[in-house]
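Undergrad: TrEMBL feature annotations, pasted as is:
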REGION    1-33  region 'Disordered'
COMPBIAS  18-32  compositional bias 'Basic and acidic residues'
TRANSMEM  52-73  transmembrane segment
TRANSMEM  161-178  transmembrane segment
TRANSMEM  184-202  transmembrane segment
TRANSMEM  269-285  transmembrane segment
TRANSMEM  316-337  transmembrane segment
TRANSMEM  349-370  transmembrane segment
TRANSMEM  422-441  transmembrane segment
TRANSMEM  489-508  transmembrane segment
Amino acid sequence: MAEEEGPPVELRQRKKPKSSENKESAKEEKISDIPAPERVPKHVLFQRFAKIFIGCLAAVTSGMMYALYLSAYHERKFWFSNRQELEREITFQGDSAIYYSYYKDMLKAPSFERGVYELTHNNKTVSLKTINAVQQMSLYPELIASVLYQATGSNEIIEPVYFYIGIVFGLQGIYVTALFVTSWLMSGTWLAGMLTVAWFIINRVDTTRIEYSIPLRENWALPYFACQIAALTGYLKSNLNTYGERFCYLLMSASTYTFMMMWEYSHYLLFLQAISLFLLDIFSLKQNDKVYEVYKIYIFSLFLGYLLQFENPALLVSPLLSLVAALMLAKCLQLNVKKGSFVAKIIKVINFYLVCTLTITLNIIMKMFVPHKENGHMLKFLEVKFGLNMTKNFTMNWLLCQESLQAPSQDFFLRLTQSSLLPFYILVLIICFLSMLQVIFRRINGKSLKETVTLEDGRIGERPEIIYHVIHTILLGSLAMVIEGLKYIWIPYVCMLAAFGVCSPELWMTLFKWLRLRTVHPILLFFPRLMTELMELQEFYDPDTVELMTWIKRQAPVAAVFAGSPQLMGAIKLCTGWMVTSLPLYNDDDLLKRNENIYQIYSKRSAEDIYKILTSYKANYLIVEDAICNEVGTMRGCRVKDLLDIANGHMVCEEGDKLTYSKYGRFCHEVKINYSPYVNYFTRVYWNRSYFVYKINTVISFQS
């Protein structure tokens, strides 16, 4: 009996370990059931390598050719190589002249440290004002360019101006290459990248301002933003391997920070991008963890930028920081519930409301406790722009009259239609948007998404990177429909998205599956024809401005302070180095007020009033521009003198306004006649067809 009862006891004792052995054996059987990956044939590997090599070569070549194209076009437009230094510098207009002038100052400084100190404690640009030019004007590109010029020994090979514009043109080549790569990543074929570049060049009037204003901050910053978007596109892809994911993450981190350092308005663009990623996360498209990794990049870039931008408070009160902080807090409060359940859907709605509320609350709190000089004029401008308020303020009305701040014209849509870009973009956007809605409804109904989406599935809306781009381009497009200047940010991605759709078999398969055309295979149907203007000879000819600058350098005292329109003052600062009373910059309330006061020389004010305004800024010379004084504007009420008359109450703006009659003529006209009391205050010392220069008298006899 003992021998017979032994085995049951032994089995009872080994029951637990046998269970674990069964689990292990089950795992082994499960693993053994998975088919081992077949070895890829060598000819397939060679085809993949050849495809990637040709695509990379095409991307780099496209960027290089575009940079060379810009250089050749710039040479033919301005005849740059045949001009003297003064004539070259005059081609930099408005705020572009200010940026380049500081690049020159850095090259003239005895050392880099001394140059940076003089820029951060600058009292030689604007009279009676010491400014931190590096922080206020985002002069990091000029600092980098000056260091590279001297460190590489380029001063013995190339002139400073060619080195400067060469860097900007090179960045534009990187810009095009990044758009190429983004479209390639989305479509799977480098032909989409070629089409992106073609559309970008054909529509360059609406894709870039590089041809008109080379040193603009956006021309330095947007190439890095394009690199960031290309890295983000690759990072969001579901089938990316670990090494590719790490590379995209590092590239995204570096380009995000660099973009933030190059442009003062960069955090607003990143705010729109963060909204797009938040909506992507709301749709539960399998990228939750990746999205929050991007949020960490935002936080790192904001705080590092805050420290290196002289503790710039604008970054702390930025809506981007408030949104990201709210998203992080909301994630901590999320509950672990089964996805697709009714409770999960309710939590999603609550989470959306919570993030919106927290973002607004945190932003208000930050503005209460962080001392900052917020651009109050921007908020006032938006109020007037959207009809929430009315104003007679000269600065606000002057900004509203700027073409870049108005709604797009019919010519804008006509150009995009003629290049075939707009029709294809709308078609691609509609297909992707409808497919995205289809995916959202599947999620609402509790249906799970496929781990891998094949071409035959026709579900392009399940790809996270596509949904991100759809949301992002809709947000950018909505803003561009209100402010035309934002088209330079939106249209490049319109080119990219349209090219992706035209060349993507998956997008066409989605459409064909909807139409029950299962046997039709998509093909590339369209290639726009590249057009070139390199054979068209142009010439930039402005002898009056050259004569004015020459006279200032030869006749005006070194300590003289000049007053005039902000655009002209920028050119004087660059070409002569003399001190001025105002600058063509619109991010500082004090400078905006100065501009409005100096513009009074074109209003119906007395000679004594103008004299008091100019001497309050220690001005020694006044320059009257005939083009502004006798301006014939195409838009009613948008001439400078009309805006001044409205602000001063000398013109009826709306019904019911009280008209104040001025007993004085327009100053810019009256001062030319040389009669009392104008000759008592101002003495004409130089004039040509475009400019009249008056010395502001120091000893005045106040009699009429």
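Using the three backbone atoms N, Cα and C, a Cβ is placed for every residue, glycine included.
A quick note: this is a predicted structure, and the numbers were derived from the prediction, not measured.
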Undergrad: Can you tell me which recorded stretch out of 52-73, 161-178, 184-202, 349-370 has the most Cβ pairs within less than 8 Å of the transmembrane segment (489-508)?
TA: 184-202
Undergrad: Please give the sequence-distant neighbours of the transmembrane segment (52-73): residues at least 6 beyond its ends with Cβ less than 8 Å from one of its Cβ atoms.
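TA: Tertiary neighbours of the transmembrane segment (52-73) are 165-166, 169-170, 172-177, 180-181, 184, 190, 193-194, 197, 201, 210-211, 532-534.
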Undergrad: Six or more residues beyond either end and a Cβ under 8 Å away: which residues meet both conditions relative to the transmembrane segment (184-202)?
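TA: Sequence-remote neighbours of the transmembrane segment (184-202) are 51, 54-55, 58-59, 62, 66, 69, 176, 230, 233-234, 237, 419, 421, 465-466, 469, 492, 495-496, 498-506, 524, 527-528, 530-531.
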Undergrad: Mind checking which residues reach the transmembrane segment (161-178)? Cβ under 8 Å, same chain, six or more beyond either end.
TA: 59-60, 62-64, 66-67, 70-71, 74, 85, 88-89, 100, 103, 145, 148-149, 154, 197, 200, 208, 210, 214-215, 219-220, 222-223, 226-227, 229-230, 492
